[in-house]
Structures are given as structure tokens and as C-alpha cells.
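Please read the structure below before turning to the comments.
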Amino acid sequence: MAKRHLTRRQSWRIEKIQEERAARAARRESRAVEELEGGDLGPEQTGQVIAHFGVQVEVESADGQVSRCHLRANLPALVTGDQVVWRAGNQGIGVIVAQLPRRSELCRPDMRGLLKPVAANVDRIVIVFAPRPEPHANLIDRYLIAAEHAGIQPLLLLNKADLVDESNAEGIDALLNVYRTLGYPLIEVSAFNGLAMDELRGALDGHVSVFVGQSGVGKSSLVNALLPGVDTRVGDLSTVTGKGTHTTTTARLFHFPGGGDLIDSPGIREFGLGHVSRDDVEAGFIEFRDLLGHCRFRDCKHDREPGCALLQALEDGRIMPQRMASYRHILASMPETDY
């Protein structure tokens, strides 16, 4: 069925209804918190948000106990991965009283273009792609820009490596060679037959990771293989579009048996870059960094200007044509006000 396109007024009405519902839920939560704080609460302790359910979160204490908690009204928006201070209640429901500083946060624009955190304290972004649906360098580069902008180490992961055959091997190899040449860590695995899964486990050990990538690349299947017994509801590729059906619904943090954590967040079909500037995009292309600021003109657009350091590097072979094309495509997709 074709996607329904809403008018601006319809979108506004939907947002208004959602805001009113959220406000009513917040008032109910505020009353619940007041009732809890009026009773007996335990001492303050630190914990980590391992799941978010709108107006409530699940918090794991230092000893591994998990509790459902209400949120104080004066708290900033919490996301999975946040470290918090909380107090346990006498009926199994606690209260979050403070958010501890974040070491990092992964953000993306919401439907209105406002920046919204989706995970906190992540130190590794695993960018998952697969032979099917067909991988596109432009989408991978968008994720890399987001990772560089957030200061989070990326790991490129080709899943479904068992689907590489004579029909797609040449294109897949060419794509992988681009990122190997740039020095990005890259692993080829198969959640289906277990290929290189131990190598992946070793790369994830000791890190807080989040998997990103378009639907259908097998993120949930990877989670199920890495964490046996954890069901994240795997969806099949759509027979009509060839794209994946979105199945994971709630961001949740899992512990790997050998150490390290995984935040499994809802599938993202295409990661938006509305929150970054032209300078951020340029900085996200790591091979540009030593060249930026060396053009003849300070306002160089790296298009056809004489004395452009990037164009000279492209001519000399220090910048790959695929990467320059991807850079230009990403800039063309951004609002002109961000240039």
C-alpha cells in the first residue's frame, strides 16, 4: 500500500494530539511520583537506564537488579544508556531523581527536525549493511558522518556474507575496499551460518555499542545470534519493496556474556543529517581533514573553484571519486540554509 502523505495541517493536528496525550501522561506520572515520595523510599543509588517506556524507564542497579521507575518532572529527557541516580520504592517501583553527565550521545532529528537523543554513553556505532538489500555508500557515509560528529568510534559490519555470489561479489568487494583503504575497521559476518561471529564478539567486548543500518540488513538476527534466548522479533524483507519491515519497537540495553553492552534500538531506514552543518559533513569525511583550510578561497565550495585543495587531491588520487560523489550528494540533500 502506498505511503500516505499528510498535509501540513494534518501533521499539525497529529502532533497536537500527541502533545496533549503526552501532557496527560506526564500529569499522571507526576501524581504517582508525589505518592511514592510521600511514602518510604530507599537511599539514593546509581543505576543505568536499560529500557524506556515513555513516561517510565527500567533501571539496572550496580548489583544487577532491575526496577521500573517513574521520572521526576524536572528531569531532562532520558534515553537508554543513561546513568542515573534513583531511589527504590517499597512496592517495586522506584523514582529517578537525577541524570548523571553523559560521556556521549547519539542523536537524530525527529519528524519536526528537532534534535532528539536516541542512546547515551555509547562508544561504538556498528554500521550494519548486507548484500541484500543492496548497500549504498551514500547511506554508509551518512552513518559515518553521524559517528564522527558524535565522537563515537564506528565499526563497519557486512552481515549476510553468505549471500555474496557471482552476481554481486565485484560490487561488494569494491565497496568494502573503499572503507578498508580509509582505515575503517570492517568485519564480514553471517548471523545465519556463524561466519566470523567470534571475531565480532571480540570487537564488541568491553564497549557500549549500538547497531544502526537500514531495515532488512539483519540487525535483530545479529542480536539473537550474539545473545541466545533474547528475542527481538525478526522481520522478513518485504517481497514488494525488497526493504526490511520494521520489527524492533523499544530501545533496550543488553549485556554480552563476555563483557560489553548492546543497545538495540528501532530500525532506521535512512538516518537524517538535518542537525549537522556543511562543516560537520566535511569533517565527517576523514580524508578531507588535512586538506580543509588549504583552498585558495576561504569560502570554497569544492565544486569548480580554482585552487581548491580537495579538487586537487581528487585529481591526484588522494580522494576517491566515489567518496567525492557521496559528499556532494549528501550536501545536495541538505537545506541550503545549512551551507
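Glycine is no exception: its Cβ is also placed from the backbone N, Cα and C atoms.
According to Swiss-Prot, the features are:
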- 111-271: domain 'CP-type G' (DOMAIN)
- N159, K160, A161, D162, G213, Q214, S215, G216, V217, G218, K219, S220, S221: GTP binding site (BINDING)
- C295, C300, H302, C308: Zn(2+) binding site (BINDING)
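Here the features listed in Swiss-Prot are placed on the structure.
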residue	record	DSSP (3 states)
N159	GTP binding site	coil
S215	GTP binding site	coil
S221	GTP binding site	helix
C295	Zn(2+) binding site	coil
C300	Zn(2+) binding site	coil
C308	Zn(2+) binding site	coil
* Structure fact -> The number of other Cβ atoms within 10 Å of the Cβ of S221 (GTP binding site), counted over all protein chains shown, is 18
* Overall pLDDT of the domain 'CP-type G' (111-271), taken as the mean -> 84
* **Using Cα positions only, nearest of the binding-site residues to G213 (GTP binding site) (C295, C300, H302, C308)** => H302
* Between N159 (GTP binding site) and H302 (Zn(2+) binding site), how far is it from one CA atom to the other, in Å? -> 35
* Asked: Could you tell me the C-alpha distance between S221 (GTP binding site) and H302 (Zn(2+) binding site) in angstrom, no decimals?
  -> 41
* Distance between V217 (GTP binding site) and C295 (Zn(2+) binding site) at the Cα atoms, whole Å? -> 39
* Asked: Using Cα coordinates, what distance in whole Å links S215 (GTP binding site) and H302 (Zn(2+) binding site)?
  -> 33
* Identify which of the binding-site residues A161, V217, C300 has its Cβ surrounded by the largest number of other Cβ atoms within 10 Å, counting every protein chain shown. => V217
* Asked: What's the longest C-alpha separation between any two of N159, K160, A161, D162, G213, Q214, S215, G216, V217, G218, K219, S220, S221, the listed GTP-binding residues, in angstrom?
  -> 19
* For G213 (GTP binding site), just count the other CB atoms lying within 10 A of its CB, please. => 26
* Structure fact -> H302 (Zn(2+) binding site), Cβ-centred 10 Å count of other Cβ atoms over all protein chains shown, is 22
* Counting other Cβ atoms within 10 Å, pick out the least crowded of the binding-site residues N159, S215. => S215
